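> Submitted below is the structure of interest, expressed as structure tokens.
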Amino acid sequence: MANIVITYFLWLIGGWFGLHHFYLGRDRHAFIWWTTWGGFFGLGWFRDLWRIPEYIHAANRDHGYLEEYKQRVRYYKTPDFGVVRFAGEIIVGFTFGLIVRSTIPEDFVEESAICWFLATFVPPCAVAIGVHLVANVQPHVASMKWPLIGAYIGLPWLLYDSQNLIYSSLISAVLVNWKGKQWDLEAHRPKRGFCKRISILSACGTIYLILWGGSIYFNASITTRDGESIPLREAIPNFFNSPAWADTKETFKQIYDYYKIHGFSKMYEEIVEKLDPTGEANALKVLELDENATEKEIKSRYKELAKKYHPDRQKDPSKKKEAEDKFVEIQKAYETLSSIKNKRSERNQKSRKGTEYDQDNWRYKS
């Protein structure tokens, strides 16, 4: 039997993550709250404040509540239209679709027909899943048919812009409310076993987190001390090749010492620098140069090492593969450093032009 005190306590300490809904056996409701931070950043969580008594009656299968529910099913063929549920279907459907779409980078879509197909035709399915999830919160039930049809009716807008998922979400929600929803005649059956419920929610939660991780990996970026923005998917491989990763313990000590002297705000810049998002530190290490190396020194060192490790110079077949790998590594290091030097040179030129413009403008005003 669900207890009202325990329910409100769980609502207070873990309501944003749907803990009270899980306690009451409302697993779909709990998952929606977890994925949307309490029902769209706490709005649903706050609404539960006065909805909890009804949820408890449903969970306990109170005689009075069940009789009232049977009368509603008898007098109304389908559930009434609810503004809150309708809005929830649109928001959750749009959110799920957008997360799936974000796992496919825009540059991949532009370069690959397969990625374009996936970016256009897979997100509507995620939209339909989100709409279907909200539509099936007790005591309503709906099949996947109408949300899916509605989501793909919005396909023409996606062909124009693959991120324009709001129409798919809106049409999907309209169709499920118009044609798809029914009363759940088994809504008040006993809850499934605890282990089974945990397993299902854990699996769904893992998939959701993987999608979020992919979205962040492909879309986030890191800004270096020079103001250069490096995509996270490029920065992470560079980090694992960086001297900082090789000397992790010493790096943490250096960062802590830097924090004690310069404070937290400067510590972030130092962390980014240590992570080597541009790959500069590793490239210098490969070419056996220090950070003050000039462009001339970099070019000279590259020629020297390229000549030394050129595969054609190796007669021994066992050493030829090793030389090829080293040669490729040297070429990549040189290209990385050349690109960084060119970008810095361009920024310096722009900076000088801006300074000259300011000086000329000052003379004019004088």
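For all residues, glycine too, the Cβ spot is worked out from N, Cα and C.
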> According to TrEMBL, which of these ranges is transmembrane segment: 82-101, 162-181?
82-101
> So what's near the transmembrane segment (82-101) in sequence-distant terms, Cβ-Cβ under 8 Å and 6+ beyond its ends?
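Here the qualifying positions are 32, 35-36, 39-40, 44, 47, 119, 122-131, 133-135, 137, 140, 147, 151, 162-163, 165-166, 168-170, 172-173, 176-177, 208, 211-212, 215.
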